[in-house]
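TrEMBL has this to say about the protein:
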type	residues	note
BINDING	His6, His8, Glu86, Asp195	divalent metal cation 1 binding site
BINDING	His124, His147	divalent metal cation 2 binding site
Amino acid sequence: MYIDAHTHLDFFNEKIDDAIYEINNFRILTIANGMDVESYLQNKEYSKRSEYIKATFGIHPWKAAEYIGELKDLIPYIEESEIIGEIGLDFFWVEDKESYESQRKIFNFILDESIKRNKVISIHTKGAEEEIYNILNNYGYNKVIIHWYSGDIKILDKFIELGCYFTVSVDLGYSELSEEILSRIPINRLLVETDGPTALEWVNGEYGYPSAIIDVVKKIAERKALSIDALSKIIQDNFFELTEIKL
Ligand SMILES: [Zn+2]
């Protein structure tokens, strides 16, 4: 079995049947992150079609401004979702600085409500690594998956020290920084992800079907001098140590 700890099934649109076929065929436990309420509900529908699909609720920083007036309405979704994601801050891809306060408001609200409920949280940190580290460190909370980290190495080391888990993504083999990050992540905190079909497309132009996770595992196995089976076992142990997800 493989585990794709962070993807976006709702991005597959008309290709969703092919994606679900692969998930079942290759036995890929798939953590289908929500970007907003609509995508969460869509992923919940998809989760009825495969025991390997788990939908998680989150409001992505790119969508934060749309939810600013209805914070309390989000609580039932936070309560029912076993893992929370994708939430976070993005001060890199989002250039409109006026949105940063809405991002903070949504992120801090969902984070706080999730920590109260002891949820595992999948976090997007792009360009906001230090701020997010400081917030988590203040809570002393580490039931966290830092998704596709690409920031400063010194802050990575602080997240490692805090005890967070990390996903390595489809840019492995294309990015020096990702190699460096992989080499620093303790093997017992390592997870992998595809981040939906568009992430691989962004990296090398290929559409990223769920089976792209196999390639990520293969590349890490080569770098760690492990067999694919041995590495898959380590990733499974890490994931089930962190979460209460059952198959
Ligand atoms: Zn994502």
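In case you wondered, yes, glycine gets a Cβ from its N, Cα and C as well.
TrEMBL labels come from automatic prediction, so no person has curated them.
The model shown is predicted, which means the values in this text are computed figures rather than measured ones.
When the Cα atoms are compared, His124 (divalent metal cation 2 binding site) and Asp195 (divalent metal cation 1 binding site) turn out to be 11 Å apart.
Recorded residues His147 (divalent metal cation 2 binding site) and His6 (divalent metal cation 1 binding site) have their alpha carbons 7 Å apart, per Cα-Cα distance.
With a 10 A radius on its CB, Glu86 (divalent metal cation 1 binding site) counts 28 other CB atoms from all the protein chains.
Shown in sequence order, Thr7, Asn33, Gly85, Ser122, His124, His147, Trp148, Glu193, Gly196, Ala199 are the same-chain residues outside His6, His8, Glu86, Asp195 whose Cβ sits within 8 Å of the Cβ centre of the divalent metal cation 1 site. There are 21 other CB atoms within 10 A of the CB of His8 (divalent metal cation 1 binding site), with all protein chains counted.
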